[in-house]
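Feature list (source: TrEMBL):
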type	residues	note
COMPBIAS	718-731	compositional bias 'Basic and acidic residues'
DOMAIN	372-407	domain 'EF-hand'
REGION	1-23	region 'Disordered'
REGION	696-731	region 'Disordered'
TRANSMEM	71-95	transmembrane segment
TRANSMEM	129-151	transmembrane segment
TRANSMEM	163-183	transmembrane segment
TRANSMEM	195-212	transmembrane segment
TRANSMEM	224-247	transmembrane segment
TRANSMEM	289-314	transmembrane segment
TRANSMEM	440-458	transmembrane segment
TRANSMEM	478-496	transmembrane segment
TRANSMEM	508-526	transmembrane segment
TRANSMEM	577-601	transmembrane segment
TRANSMEM	659-685	transmembrane segment
Amino acid sequence: MEEALLPSGSTPADSRRQDGVESTVLGRRERAIAGGDRYQKAAAMVDQADDGVGLPVEVLKQPNFEHCAKLYFWFIWLNPIWALNLTILLLLNFFEVPLWCREDFPNPCGDPEKFYLGGLPYLTRTESLILEVTCVVILAVHTFFPIAFNGNKLFWDTRLDNIKVLLLVLLAGDTIFNLVYVAPWGPIEHLPFRLGPYIRVLIVVVNLRGLRDCVKTLAGILGDFLDIAALLLLFLLFSSWLAFILFEDTIQGKTLFKTYGDTLYQMSILYTTSNNPDVWLPAYKQSRFSAIFFVIYILFGVYFVANLVLSVVYDSFKGQLAKLLVEAENARQEVLSAAFDLLDDQGRGYLDKQQCGKLFNEIKTYRTLPHIADEDIEAIFYALDDSGDFKINREELADLCNAISLKFDKADEPAYLEKFPRLYHSQKFEALKRFVRSDLFEKIVIGMLLVNLVAVIIETTLDIQNSTSQKSWQYVEFALGWLYVVEMVLKVVVYGFNNYWRSAQNRFDFVITVTIVVAETLTYTLPNKINFFANEEWIRYLLIARLLRLTRLLVLMERYQVMVSTFLKLIPSLMPYLGITFCIMCFFCTLGVQAFGGIIYDGNPRLPGSAIEENDYMVKNFNDFPSGMVVLFDLLITGNWHIWMDGFQEVTGKWWTQFYFWSFYVLAVLFLFNLVVAFVLEAFFAEMEMHSTAKESEVASDGDSSDDEQKLQGNGRVSRDPRDPRNKVKR
């Protein structure tokens, strides 16, 4: 197996970041950078370099960076507002009235049953306009706020900021046109096209770093993809020409392969296996030997050409991933260099023993470093001094930071109850902490989950049978829900909320537990007053979701550790790629609603006899945004996708309709889907390599560890990471 580039299934942006670091560590770093001494600031920079999250390097290099840092942290504190604003901009497409709708409310698009609408409520045009104007104003503040801490010159010299400003101007201009259209005194009576929905998607992409990295990856892979796509096109052209010649005078040629264009069209769809075996049934009925051609074509196309496309995308993806990792490492080194310059206030180009000792003591705020005595600091200092000149230069300091980040876990933040030491360190509370942190507590929780599993199975079975005993088991589940609340409260009290929230497992447990308990309580106490909670089915789905916590049992089994670990780490890391897929779907859905909106309805004379009507696909259309997204999802999984392509071409009577569907297939299925598969493969290979290397490292470390490494580790919690080539301390 060749060496994997992706560290344990993570993206470059979070390859050195642990769960929840961004949300919990900024508070400590903010206090250190904004009001600490230079050693506290340097330690905060070292921690920032390890996480990859924090002040931009340009801000760190400014002479008044303390003031700029305060403004930057104000900007970060407003992140929930910025995120909510971007979410509203993106979701506004789902609730806007489509442009083709010209009727009055409450049914601006006419009879919902006649036009097969998606079912979501529409905002009035005035409400949409007010919401969009508000979002544009907030977006303007979000876009220009960085001038306060980056400076005017740096802001306008940054290409990303210029792109954000351009998109903001375009969105504002489109909003003005919409205002003129909505206003009763406006001269515009009909607006067939709007640029705003497309701009909203682009604004979301450029403002989220994970999506931007995906776009960089896509752009880097595009050249290699076009090369293999050209080879695929040649394969389709040649195979279609061969099929056209072979079946020219047969039933197949007279029905489906009438012209070379028809043959190319049908053979291209056959490559996706969407119309298999229907497309070659006429030839097979006439001659059983015709199956040889189609079987060879499908085998060669699906098992060779399709996998060749995947191989090219995967290889190109690894190259782009390596570039992103290099960029992330360069940014890390820049932050470490800024920390060195801060400590080297006299410009000597090196640090002495006293400076290193003070830095070690401050780094303990962020890492689980043990207490280091003065004589140990001197030994460490000499061990790090590669040149033997009794000075620690910039490169040697970087080696130290690398060793610390790889050897020691993130330090926990103090729990809230530590403000009351008499309570927190009392004998009874110490016993409680030992119990919550023990394996016995974990086994009790797992036992509760197993009981919950049995209760859900029995309650669901009784519900299907309409048995009156169902209620008693619902009360059992209700009681178990409150036991989970007790478990959650105990963990928060013992560990502290920020430390508890770092774990993705804990965040999942928290959301599910709180949602279920609140929903069940309202269902049983106010069953008839809140209609939303009258339906207990969705609560059962949440109860089943809670049982996903049983996956922790698989982690205890060695044979499943790699698979489960890869799956759990893959979910958050895969989100940017799924996010960019969702954005592309929004982009195409907007185009589909503007191009095909309102043409699928009862009474359309073009609809009878079309592929959409014959397959009863009228309910899946582009009459509004929710319906269009459902259609695009079906196209994404290539389930009978040619039926929509044929049907919409028949209803519209426009030949260019095919380009819409083929372009979505090439971009979203052939390109993006292969990229997602490449990401999953790389993540799995990285996890397998890490797992095997960790075993070898554990065996080797039992009898072979260096003296200076032992002094660095002491009694602290060690976290060896064999994935990183920097996993060593220079001597």
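Counting starts with 1 at the first residue shown.
Any Cβ shown, glycine's included, is placed from N, Cα and C.
Curation plays no part in TrEMBL annotations; they are all automatic predictions.
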Cβ contacts under 8 Å made by the transmembrane segment (71-95) with residues that lie 6+ beyond its boundaries: 26, 30, 34, 55-56, 59, 120-123, 128, 131-132, 135, 138-139, 142, 145-146, 148-149, 197, 200-201, 203-204, 207-208, 583, 586, 589-590, 625-626, 629
Distal contacts, the transmembrane segment (195-212) - CB-CB under 8 A, six or more residues away: 11, 13, 82, 86, 89-90, 92-93, 96, 132, 139, 142, 160, 163-164, 167-168, 170-171, 173-175, 178, 575-576, 579-580, 583, 586-587, 590-591
Folded-back contacts onto the transmembrane segment (289-314), same chain, C-beta under 8 angstroms, at least six residues removed: 221, 224-225, 227-229, 231-232, 235, 239, 242-243, 246-247, 250, 252, 267, 270-271, 273, 276-277, 280, 283, 670-671, 674-675, 677-678, 681-682
Same-chain residue ranges lying at least 6 outside the transmembrane segment (659-685) that approach it to Cβ under 8 Å: 1-2, 4-6, 8-10, 217-218, 221, 225, 229, 272, 309-310, 313-314, 317-318, 321, 562, 566, 569-570, 573-574, 577-578, 580-581, 584-585, 588, 591-592, 595, 632, 635-636, 638, 641, 644-645, 648
Contact call for the transmembrane segment (478-496) and the transmembrane segment (440-458): at least 3 Cβ pairs under 8 Å, seq gap 6+: yes
